[in-house]
Amino acid sequence: MPDAAPAARGPHPVEVALLASVFVVAACGLLYELAAGAIASYVLGDSVLQFSTIIGSYLFAMGIGSYLSRFFERQLPAHFLRIELLVALAGGLLPALLFLANAYTPGAFRFLLYGLVLLVGMLVGLEIPLVMRILRRNVQLKELVSQVLTFDYLGALAVSLAFPLILVPRLGLIRTGLLFGLLNALVAVWALWLFRHELRQWAAHAVACGLTVALLAAGLAGAGQITTLTEDKLYADRIVFAQSTPYQRIVVTHAPGEGKPGHRLFLNGNLQFAERDEYRYHEALVHPAMAAHGAPKKVAVLGGGDGMAVREILKYPSVESVTLVELDPAMTTLFAQNPALAALNGGALASPKLRVVNTDAFKWLETSDEVFDVIVVDFPDPTNFNIGKLYTLSFYALLDKRLSASGYAVIQTTSPLVARQSFWTVVHTIEAAGLSTAPYHAHVPSFGEWGFVIASRRPWRLPSALPGGLRYLTPHTLPLLFDFPADMARVPAEVNRLSNQVLVHTYEMEWGRVHQ
């Protein structure tokens, strides 16, 4: 039996308005989902696990919402308007509430995270069926389904591209959430006008719309203060720089004075260095490999966008060129142009010997045909699969191809005391790539015991001399770094492959025990 609907005609104004609202609703719903996943990854780590559980919870809640929509029989425009306002509030405030919870009540973070995800998912699941039933008045069923799904998917596509490329880098998560909450609220205002002749208690709905818009607009105007409030609680020292990029959240704090840490760099909340003792880390990272080579001419640094490793490399007169491969251009720009931070690396990023390549190190190794005397690998710890791929057998096999016959690579390798299994997993993986290894460790007060591995085609030999002007390493202390006490000694470990990423799971388990 044919669908009972009007004959072919131009689109009705209500139809156009509601289809546009479907686009906005889909875009906003996906954005809230992505924001929740991003924040959960920042706070809890393991991005694959967080995004998987959040997407699953969100879709499950949408299914519940779709089922519950059958019980809404009358006053559909009024129900749609109210639900839209609830989505605007719950979704728009979601990033701000999660950041505040992490800062002030971290024990409640998971409950709030999944509570908000389930609430927003259920409300969005209610919306689409209600819109379809309202549109059914003017659109044939076969056109209705195709049109609604088309606008739904287009909205999702738009925000999936804009979220990492435009919204987060330019606005940050809190401001982005509030902006899209405001868009949801404006859809409700639109519905208020479209259905002004159908709505009962129109004045009450108008007041609700006005209050919601005012609240979200005020939040948007004060988003910077909200961000400052949450980060001031998380970081003990004064924040002097903060920026969200497509890759990470960069925060620099400063605590001047004797016994204070000075400048500290945090990426996604994880400490990368403290000014007062970073020299210990970077001297230990760079000089055992550089000095062992003797006269390195061509050096590469993978990661290390702060320029500290480059500073140490340039202490060797034999060095003719340094290639710094750093994924995030915001890092190299910051540490080249900020006077206080550039002073920490001694202006190394302005050296005429330096070439900066802002790209993924894995891809760079795959496509480059250059060979280096020393390669310094200074990546963040393997907290997620994106970073974990840089600790795999495949990565170290590529690294081997970029080493000269007499070359050395050195890799920062987390703490052999706190994450003993993780440390030796990296060592075992490098050895599985056919490279000789020389594991060692150094004490950095800001981190505790920290581990490194030298990898080469020939066995590493203790250098006979070190460059002058070092503050930590001496010919006497250097050999001691390669001696492991019983509680850090080698243990059996698996090979970390792209196909299993065992290191990420092991790392999360070991460091998770510390943070419990």
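Cβ atoms here come from the backbone N, Cα and C positions, even for glycine.
As written in TrEMBL, here are the features:
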type: ACT_SITE; residues: D378; note: active site, proton acceptor
type: BINDING; residues: Q248, E326, D360, A361; note: S-methyl-5'-thioadenosine binding site
type: BINDING; residues: H282, D306; note: spermidine binding site
type: DOMAIN; residues: 218-457; note: domain 'PABS'
type: TRANSMEM; residues: 16-42; note: transmembrane segment
type: TRANSMEM; residues: 48-68; note: transmembrane segment
type: TRANSMEM; residues: 80-105; note: transmembrane segment
type: TRANSMEM; residues: 111-132; note: transmembrane segment
type: TRANSMEM; residues: 144-167; note: transmembrane segment
type: TRANSMEM; residues: 173-195; note: transmembrane segment
type: TRANSMEM; residues: 202-223; note: transmembrane segment
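Shown on the structure are the features that TrEMBL records.
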residue : record                                 : DSSP (3 states)
Q248    : S-methyl-5'-thioadenosine binding site : coil
H282    : spermidine binding site                : helix
D306    : spermidine binding site                : coil
E326    : S-methyl-5'-thioadenosine binding site : coil
D360    : S-methyl-5'-thioadenosine binding site : coil
D378    : active site, proton acceptor           : strand
Top Cβ-contact partner of the transmembrane segment (173-195) among 16-42, 48-68, 111-132, 144-167 (pairs under 8 Å): 16-42
Counting every protein chain shown, other Cβ atoms within 10 Å of the Cβ of E326 (S-methyl-5'-thioadenosine binding site) number 24
Please work out which residue of D360, D378 has the most C-beta neighbours within 10 angstroms of its C-beta, and give that one of the recorded positions. D378
What other residues of the same chain, not counting Q248, E326, D360, A361, have a CB atom within 8 A of the CB centroid of the S-methyl-5'-thioadenosine site? Y247, G303, G305, V325, L327, D328, N358, T359, F379
In angstrom units, rounded to an integer, how far apart are the Cα atoms of Q248 (S-methyl-5'-thioadenosine binding site) and D378 (active site, proton acceptor)? 16
CB contact flag for the transmembrane segment (80-105) and the transmembrane segment (144-167), at least three pairs under 8 A: no
Farthest-apart CA atoms of Q248, E326, D360, A361, residues recorded for S-methyl-5'-thioadenosine, distance in Å: 16
Can you give me the same-chain residues 6 or more apart in sequence from D306 (spermidine binding site) with a CB-CB distance under 8 Å? L265, Q272, F273, M331, F335, L341, L344, N345
Cβ contacts of A361 (S-methyl-5'-thioadenosine binding site) (under 8 Å, same chain, 6 or more positions away): L302, G303, V325, L327, V377, F379, L390
